[in-house]
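S.K.: The structure under discussion is supplied below as structure tokens; questions concerning it will follow.
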2 protein chains.
Amino acid sequence: MTGINENYLKLKAGYLFPEIGRRVKAYAESNPQAKIIRLGIGDVTLPLAPSIVNAMVEAAKEMGNPQGFHGYGPEQGYSFLIQKIIEHDYTKRGVKIDEDEVFVSDGSKCDCGNIQEIFALDAKIAVVDPVYPVYVDTNVMAGRTGEADANGRYQNIVYMPATEANQFEPEFPKEKADIIYLCYPNNPTGMVASKARLTEWVEFAKKNGSIILFDSAYESFIQDPNIPKSIFEIPGAKEVAMEFRSFSKTAGFTGTRCAYLVIPKELKGKTKAGESVSFNSLWSRRHSTKFNGVSYITQKGAEAVFSPQGQMEIKEQIAYYMENARLIREGLGKAGYTVFGGTNAPYIWLKTAKGMKSWEFFDHLLQSAQVVGTPGSGFGPAGEGYFRLSAFGKREDVISALERIQKL
Amino acid sequence: MTGINENYLKLKAGYLFPEIGRRVKAYAESNPQAKIIRLGIGDVTLPLAPSIVNAMVEAAKEMGNPQGFHGYGPEQGYSFLIQKIIEHDYTKRGVKIDEDEVFVSDGSKCDCGNIQEIFALDAKIAVVDPVYPVYVDTNVMAGRTGEADANGRYQNIVYMPATEANQFEPEFPKEKADIIYLCYPNNPTGMVASKARLTEWVEFAKKNGSIILFDSAYESFIQDPNIPKSIFEIPGAKEVAMEFRSFSKTAGFTGTRCAYLVIPKELKGKTKAGESVSFNSLWSRRHSTKFNGVSYITQKGAEAVFSPQGQMEIKEQIAYYMENARLIREGLGKAGYTVFGGTNAPYIWLKTAKGMKSWEFFDHLLQSAQVVGTPGSGFGPAGEGYFRLSAFGKREDVISALERIQKL
């Protein structure tokens, strides 16, 4: 019989969100009358903006006539979209990015999961704890870690705890770390990194020969004009960082699927023999060998996000979600909870009631208030005793959820 | 500096199709007046069928209203599509497949490239030579091979030559092979496998503890009713095979992106300790950790392929391409070429003129006839001296190309 990749057996019971799905489904089946409110998985609820829908309707029609039909597109993405991304997200903020440094894909989850393939198997990764599980799980699958301990921490990963004690701002790794995953605005804590702090990270990476994988999927939720939206706003960052961006939360693309990864040509790795190799060229090879581009229709939809009308429409949606965030933050505060995040990010990070464990609080909230959130411990052991609520719900659901929680 | 995955450095100069793209671009730039006809990359040219376009237009509109909006979908694909796939592609042909055995994705290139992740790193692969390069390159990247020799054959891969001598029907591997990649109708040779031959493959895999990765992306081009469309039509195949299917060629989805992978629950691998593990469960974990589902709009388009009207429309398209195949086969025959394939597949495999090498013939055809094909050697050393033409062109281009070739 054919051998399996045994690294998969090191993984914990299940990917967080499917596990939540299973528990909610079981509860719903035993309580068919319950009106469950989902503020768990970070899924958007507002419909796609009219500019985006119109662009996709037109693109679908184009695909139906001989002149407008598009077969295989460039694996890296169409120029019409890449140019808009560069102009809007980088040039306007004083950052110079070339077209061949942007790789359009079908999602940041895929990019974050696949990127580790281009690194050496013995490269050591560092992650914040709590963290988006995909960073860790994909490295476990690749064999870059040992077994997990009783707390769920894998051997050979450097964990950087983000706790109340350090105001959720992790310290620099004390051990050697080749690859540092950072996510700002942060999922799950909702915290952001100041320009000063990001500058320190860039300097740390330079000094220690590390590279930073910067996940800025939530940059459009930043309200404070002094907070950087891109790590490339920091001088020298192009030599030490790559950046993940997504239309999922910015423009409601969770079910439409479009994202991009920026890898500056200055960003280099090395062979064991000491030869320097550009990560851009390695990823280009990976992307063109294992991926075949994003749907033309989807890319036309993404392009419309950058039109003046599209920008106006998505800004309204973001304002709607940020008003939800304010309601959750303040509502939970009134109910006596200690809350974090939610001012420059769509996530609110709270301490569970009465020192409950995260999954205990999950079950409590589901059974007593029919509200679904995400257990902090699902993001790592330092998340134990915390809980994440998402601001992506419908306004009436957010209000009902808070009323129910306040009554508990 | 961070270490790179040095397996990438073992890869040959470039993935085949980007290399063709570069040569064609260079020629077009020096010869701006040339009317180049592209029969190289297997890209479709007919527009999407009306049923598919209508379904996607409706789905895009749905996404723009609160009731119809879809966020994250099930990673494995929507039931509405999976049920149609099972009913149409399997139940009707007497094969029983369960919903949780079908994984919808954004392309067979991705599936074929990613599937190797769930196998042991020391599992040995066997491929036909010539072969679709993705099977080989993705195993090189993973470190499952040694270096390539002067002919481009990698150490630690079992090659099964398909040549005129064996009528392009490769013999069973003589060495131990854990994973056997088969593609029928074949890319690039255009050959098919009879029921008897597929039965022998299934028996061989059973006897030797191998599994078969069966790529049937071109099954809809089979004209002979006695040729199996699915390996699962062979009794016992579910214990030894998984199957890759795609809408790319069947329904013109090369720029729309939808495919699926069928992994029967009976298909098992084993740990070093001898414990048996289902590949379905491993892939399910991989798929939900590194992938986030296919666009709702795309899945609605794919669903429309199975409607009675959709079926009628795509059958017309397939008939159009198969008429191209007939014209190419017969036209090349008249021009004195020896040709293979093209009767149950959209590819014609020909011997180059005057014993030219494949890339030499590529340059010759490009420069003398402005026709682009695919060099056989790009698919492996046994493809040297052969050339692939695709039947996916526009009729008038196919006719012009043949006229030009006949004049050479």
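Counting starts with 1 at the first residue shown.
Cβ coordinates come from backbone N, Cα and C, glycine included.
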S.K.: For the pyridoxal 5'-phosphate site that TrEMBL lists with B:Tyr72, B:Ser108, B:Lys109, B:Tyr132, B:Asn187, B:Tyr218, B:Ser246, B:Phe247, B:Ser248, B:Asn292, give the additional residue from the candidates B:Arg197, B:Arg257, B:Arg285.
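M.R.: Between B:Arg197, B:Arg257, B:Arg285, TrEMBL records just one in the pyridoxal 5'-phosphate site with B:Tyr72, B:Ser108, B:Lys109, B:Tyr132, B:Asn187, B:Tyr218, B:Ser246, B:Phe247, B:Ser248, B:Asn292, namely B:Arg257.
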S.K.: For the binding-site residues B:Gly42, B:Tyr72, B:Ser246, which residues show a Cβ-Cβ distance under 8 Å to chain A?
M.R.: B:Tyr72
S.K.: Cα-Cα, whole number of Å: B:Lys109 (substrate binding site) versus B:Ser246 (pyridoxal 5'-phosphate binding site)?
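M.R.: The Cα atom of B:Lys109 (substrate binding site) is 9 Å away from the Cα atom of B:Ser246 (pyridoxal 5'-phosphate binding site).
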S.K.: What is the Cβ neighbour count of B:Lys109 (substrate binding site) at a 10 Å cut-off, with all protein chains included?
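M.R.: B:Lys109 (substrate binding site): 26 neighbouring Cβ atoms within 10 Å.
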S.K.: Ranking the binding-site residues B:Tyr72, B:Tyr132 by other Cβ atoms within 10 Å, which is at the bottom?
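M.R.: It is B:Tyr72 that, of the binding-site residues B:Tyr72, B:Tyr132, has the fewest other Cβ atoms within 10 Å.
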S.K.: My understanding is the cutoff is Cβ-Cβ under 8 Å with a sequence separation of 6 or more in the same chain; which residues meet that for B:Ser246 (pyridoxal 5'-phosphate binding site)?
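M.R.: B:Gly107, B:Ser108, B:Ala217, B:Phe253, B:Cys258, B:Ala259, B:Tyr260 - these are the non-local Cβ neighbours of B:Ser246 (pyridoxal 5'-phosphate binding site), listed in sequence order.
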S.K.: Which whole-number value in Å describes the distance between the Cα atoms of B:Asn187 (substrate binding site) and B:Lys249 (N6-(pyridoxal phosphate)lysine)?
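M.R.: Approximately 12 Å lies between the Cα of B:Asn187 (substrate binding site) and that of B:Lys249 (N6-(pyridoxal phosphate)lysine).
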S.K.: Taking each of B:Tyr132, B:Lys249, B:Asn292, B:Arg388 in turn, which of these recorded positions have a Cα lying within 10 angstroms of the Cα of B:Tyr72 (pyridoxal 5'-phosphate binding site)?
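M.R.: Matched recorded positions: B:Asn292, sequence order.
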S.K.: When the Cα-Cα distance from B:Ser248 (pyridoxal 5'-phosphate binding site) is computed for each of the binding-site residues B:Gly42, B:Tyr132, B:Asn292, B:Arg388, which gives the smallest value?
M.R.: B:Gly42
S.K.: Give me the Cα-Cα distance between B:Lys249 (N6-(pyridoxal phosphate)lysine) and B:Gly42 (substrate binding site), rounded to a whole Å.
M.R.: 8
S.K.: For the domain 'Aminotransferase class I/classII large' (B:35-405), what's the model's average pLDDT?
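M.R.: Per the prediction, mean pLDDT sits at 97 for the domain 'Aminotransferase class I/classII large' (B:35-405).
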